[in-house]
Amino acid sequence: MVIGPAANHAPLPVTSAPTRGSKMAASAAMERLSYVLGLLLLLHSTDSFYVPGVAPINFHRNDPVEIKAVKLTSSRTQLPYEYYSLPFCQPSKITYKAENLGEVLRGDRIVNTPFQVSMNVEKKCEVLCNVPNKPVTLTVEQSKLIAERIREDYYVHLIADNLPVATRLEFYSNREEEEKKKEKDVQFEHGYRLGFMDNNKFYLHNHLSFILYYHREDVEESQEHTYRVVRFEVIPQSIKLEDLKADEKSMCTLPEATGSAPQEIDPTKENQLLFTYSVHWEESDIKWASRWDTYLTMSDVQIHWFSIINSVVVVFFLSGILSMIIIRTLRKDIANYNKEDDIEDTMEESGWKLVHGDVFRPPQYPMILSSLLGSGIQLFCMILIVIFVAMLGMLSPSSRGALMTTACFLFMFMGVFGGFFAGRLYRTLKGHRWKKGAFCTATLYPGVVFGICFVLNCFIWGKHSSGAVPFPTMVALLCMWFGISLPLVYLGYYFGFRKQPYDNPVRTNQIPRQIPEQRWYMNKFVGILMAGILPFGAMFIELFFIFSAIWENQFYYLFGFLFLVFIILVVSCSQISIVMVYFQLCAEDYRWWWRTFLVSGGSAFYVLIYAVFYFVNKVFLLGESAMFLGVTVGFGKGNGGPAESHSSHASAQGSADSPSRQDRGVCPRTCAEQHSLTPPQRGISLQLDKN
């Protein structure tokens, strides 16, 4: 590769006598060229690299494939727990993976497990615990804890080569036998059930049938074949201790399909059982780059397009109103109030024209208003960048916690923009205490969010959940807040306060005009409620999938749709604010500063109402309602829009009208029969009448 002037092969002009300046320029050019060549040689000598967590891992036959545990989750309690909070078999040395900020905030505690899996090596049945042919004895306390987790519908999450385990579910769309053979929908559920209940009895899935799919990579004839893991499935089974035959070599024999019983866990006494597993490998045509498609497949694209069309209709409706107001009313009259007008002519006017001399009168509490505006700018920049980067595929779910980590750091660094706009607005509103205003901008909204999260974290601490933010992480967040965000807000506030304030198009009278009595529908609370309907209607469908991702432990990867909805939400909020301010000025009420700020966030109230509706119909919390409502209130305070954070949609497939996670789970009949599937059947067959 040729760099710089050497890329041009035209002959150089010939000079008769080189001057001293030309010699110096030539020597400088040669020195720069030597630096460039040295850099190229350095780059050539280094090996290529991948971003951590993105590079594929090539396995040879018999290479170990490590199975790690992530956590236990439940859509009923919303409290994650560590894997070893239950008495599972443990390796000789427990090693926790170093986690990033996002993983800690999500409650992930990735740890090694005693599963011994080798690439393309089958295992029929093997006892998991170290002592062969000796059952594990659960104490009464441990039995009670397992029974409680089964009752709360907990799922176990494992990973192999950073790929999460999934349970295959097969749905039949018709009850008739002939149609049953033809139509079958396959879905994948994130993780596997800890156990099931039948007739008020608790049964534990103590045997795991792992099914791993590999893709054989193309290599030269003289080289050894390499493999890549492209899918990780599990079939959980419950097998009674008496039906499992184990020998001294830790090998076991699964019972026949008929005559076996599931492993019951009696919470009133000690229980003995064996933890076993089997491994089956299959070759797959799926390439490594497409292995996440199983979890991110979209079968409900139509409803998202319906949401986009619905939102666009709302925006066009608001745009039509704005066009009518601006073109027919304002354009002809706005220039007249920059001139000297007679008082008699002014008194003949009506509506918003009477208050042109008071429109830009500074509001009450200008410091708080500018601080909230600065926090809104900070949030807006963070959300816009995160969604856009995620839409480009740079924040894949394979990079665990990357999205939340990116959001936290971006919010800190966007403080310089929030401080700049807050400082300029504060000066426009005749403010003078810029240092106090900058401190208020940097601490008001983050302080409220931190207070809510701290109170919620105390409740989670009391439950001994892994979802509780550890104290060192909380200290690290405080250091980021006061060490990164606060100085950047001060920096932006300083330059914004020094910049020329916004110019008002009309002059402000010295004496405030008396505001006439307003009608009932011009009340600020009524206006906020009316204004929030249209922006909420533009994004409530997407909000369903966001809630499903957050509260039902599903993946969300529809950031293209989310980006469009976010842009439409911003446009609709700005348009509805302009319309409501115009109606307010027509009523001769010039106190519009706070009204327009609150009106644009009116959709947050409907987000809260929808969250309560979702809570009642979809989420079944057991005493942890404060977490759900607290997080929703935090989102509402942020922007009044959808949870433009991150997170996600259906585990693999599903739509808004598909059965919930509890409904589509393993039914008691299937669970009672599933324990004896030998060899393990591919998935759990469910029979649903979709009509």
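Glycine is no exception: its Cβ is also placed from the backbone N, Cα and C atoms.
Annotation source TrEMBL lists compositional bias 'Low complexity' at 643-658. According to TrEMBL, the region 'Disordered' annotation covers 642-691. The transmembrane segment annotation in TrEMBL covers 305-327, 371-395, 401-426, 438-462, 474-497, 525-551, 557-585, 592-613.
Here the transmembrane segment (525-551) does not lie next to the transmembrane segment (474-497) in space: the count of CB pairs under 8 Å, restricted to residues six or more apart, is fewer than 3. Touching of the transmembrane segment (401-426) and the transmembrane segment (592-613) is ruled out by the presence of fewer than three CB pairs under 8 A, sequence neighbours closer than 6 excluded. Nonlocal intrachain contacts for the transmembrane segment (371-395), taken as residues 6+ away from its ends with a CB within less than 8 angstroms of a stretch CB, comprise 402-403, 406-407, 410-411, 414-415, 417-419, 421-423, 425, 437, 440-441, 444-446, 489, 493, 559-560, 562-563, 566, 570, 597, 638-639, 644-646.
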